[in-house]
Amino acid sequence: MSFSWSAKDHKSYTNPPSNPTQGLKRPRNDTGNKVTVVLGAQWGDEGKGKVVDLLATESDLVCRCQGGNNAGHTVVVEGKEYDFHLLPSGIINPKSICVIGNGVVIHLPGLFEEAENNEKKGLKGWEKRLIVSDRAHLVFDFHQVVDGIQETQRQATEGKIIGTTKKGIGPTYASKASRIGLRVCDLLGDFKEFSTKFKNLVEQYQSMYSSLTVDTESQLKKLKEYGERLRPMVRDGVYYMYEALHGPPKKILVEGANAALLDIDFGTYPFVTSSNCTVGGACTGLGIPPLNIGEVYGVSKAYTTRVGIGAFPTEQLNATGELLQTRGHEVGVTTGRKRRCGWLDLVILRYAHMINGFTAIALTKLDILDVLDEIKVGMAYKINGKRIPHFPADMELLHKVEVEYETFPGWKSDTSAARKWNNLPQKAQNYIRFVESHIGVPIKWVGVGKSRECMIQMF
């Protein structure tokens, strides 16, 4: 690779010319390939995998930037359902290279088990198309045990739980932030040194959790085997992404996990995940500059769902909520827990847009609303009868908000066969246009079913 400019091209300013720019060679304004980012705009489970699957058919590179196997995507291709937790769902496309970035935390047994399960369904050649950053942190089995212990302790001391997936994600990110975590490069380096660090890490956790037992020798033996299986896939992630950005033209896609309202900084804290699920996480989790971010697509259901506990202003604890749960098959891919359901909340979507700067929205599962007589949309929050102009950081306050709704007549007809905008009932079109105008972001896709063919492209 050749560069068009370097520090040697600077001229000395010992005797500056009258025109400071005279004779100076400036760096070329060439930012390289742009990256398209797909992000959840609610509490997860919005259908990001479907949008990624749609875009991945034309993508050269599909990347994960944060989270771990706590995420869950279901993708339907030619009638087959593929479940992804850690692998980028773009791995289905035989022409795509998939990247697991440094911001992802990797449970190696889970990674290989997931790949093998999808192999049985028809996934081929994944190991030759997967790149893993050497800077990614490792999730160990004891991290998962600690995750469960912490949840039990929260229940005992506070009477409430976070609703963690118990996949060890939080403890692993805690190890990372405490600078005691272990990375892929450690595993593939001097194994004797890795073993010492691993034992020290186990001892630190055992000093905090007396009930934690770990068979270190057995674990190390397995980790060494997993490391050798992983070795051919590992690259310097920063250099790999730089080459991809500044080499020949490429379509690069970043597949966000979780969602805006689960972001460690901007979500409904503390009922959040442990990583940045917003657009900044794409930069820090892959080592790419903000200048290379191109399109940012937000994904939202035509209603709202949430797994686990935490404030949910538009939740419907009634027959409507049950109908949405049943018709939408709202069960978590990772946890198997039923999702809580409610009306679409535009306060949340506007908030997610403030943080992410969406260039377009995918509105999924419109067909689930087909049977409703009337449909409501949350427009604003009120406290003591007064509108508040922001999304509250204080969860106690969020629990107390009163939602101001706009009510629409239902279209009472089947939209699942629609493949073009004009195939949708007028009342459904009105609903979509209303949502679009009040978020201030164009809706690019409307989903009316499980498969990629059920995504109506608007422009």
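Glycine residues also receive a Cβ, built from the backbone N, Cα and C atoms like all the rest.
It should be emphasised that the depicted structure is a prediction, and the values quoted were computed from it without experimental measurement.
Feature annotations, reproduced from Swiss-Prot:
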- D45: active site, proton acceptor (ACT_SITE)
- H73: active site, proton donor (ACT_SITE)
- 44-50, 72-74, R339, 365-367, 447-450: GTP binding site (BINDING)
- D45, V333, T334, T335, G336, R337, K338, R339: substrate binding site (BINDING)
- D45, E46, G47, K48, N70, A71, G72, H73, T165, R179, N258, T273, R337: IMP binding site (BINDING)
- D45, G72: Mg(2+) binding site (BINDING)
- 13-22: compositional bias 'Polar residues' (COMPBIAS)
- 1-31: region 'Disordered' (REGION)
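A map of Swiss-Prot features onto the structure.
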residue: G44; record: GTP binding site; Cβ neighbours (10 Å): 29
residue: D45; record: active site, proton acceptor; Cβ neighbours (10 Å): 28
residue: K50; record: GTP binding site; Cβ neighbours (10 Å): 27
residue: N70; record: IMP binding site; Cβ neighbours (10 Å): 27
residue: G72; record: IMP binding site; Cβ neighbours (10 Å): 20
residue: H73; record: active site, proton donor; Cβ neighbours (10 Å): 23
residue: T74; record: GTP binding site; Cβ neighbours (10 Å): 17
residue: T335; record: substrate binding site; Cβ neighbours (10 Å): 17
residue: G336; record: substrate binding site; Cβ neighbours (10 Å): 9
residue: R339; record: substrate binding site; Cβ neighbours (10 Å): 21
Within 10 Å of each Cβ, count the other Cβ atoms, then let me know which of the binding-site residues T165, N258 comes out lowest.
T165
Record lists D45, E46, G47, K48, N70, A71, G72, H73, T165, R179, N258, T273, R337 as binding IMP; longest Cα-Cα distance in Å?
34
Based on Cα coordinates, which of the following binding-site residues are within 10 Å of T74 (GTP binding site): T165, N258, T335, K338?
none
Between D45 (active site, proton acceptor) and R339 (substrate binding site), the C-alpha gap once rounded to whole angstrom:
9
Of N70, G336, K338, i.e. the binding-site residues, those within 10 Å of G44 (GTP binding site) when Cα atoms are compared:
none
From binding-site residues N70, T165, N258, the one whose Cα lies nearest K338 (substrate binding site):
T165
Shortest C-alpha distance to G47 (GTP binding site) - which of the recorded positions N70, H73, T165, T335:
H73
Based on Cα distances to G72 (IMP binding site), point out the closest of the binding-site residues K50, V333, T335, G336, R337.
V333
C-beta crowding around L366 (GTP binding site), within 10 angstroms:
24
Other CB atoms within 10 A, centred on R337 (substrate binding site):
13
Distance [Cα-Cα, Å, rounded] between L366 (GTP binding site) and N70 (IMP binding site):
26
What subset of the recorded positions K50, H73, T335, R339, V448 lies within 10 angstroms of T165 (IMP binding site) at the C-alpha level?
T335
Are there binding-site residues among N70, V333, T335, G336, R337, R339 that sit within 10 Å of V448 (GTP binding site), Cα to Cα? If so, list them; otherwise say none.
none
Between N258 (IMP binding site) and K50 (GTP binding site), what C-alpha distance do you get in Å?
14
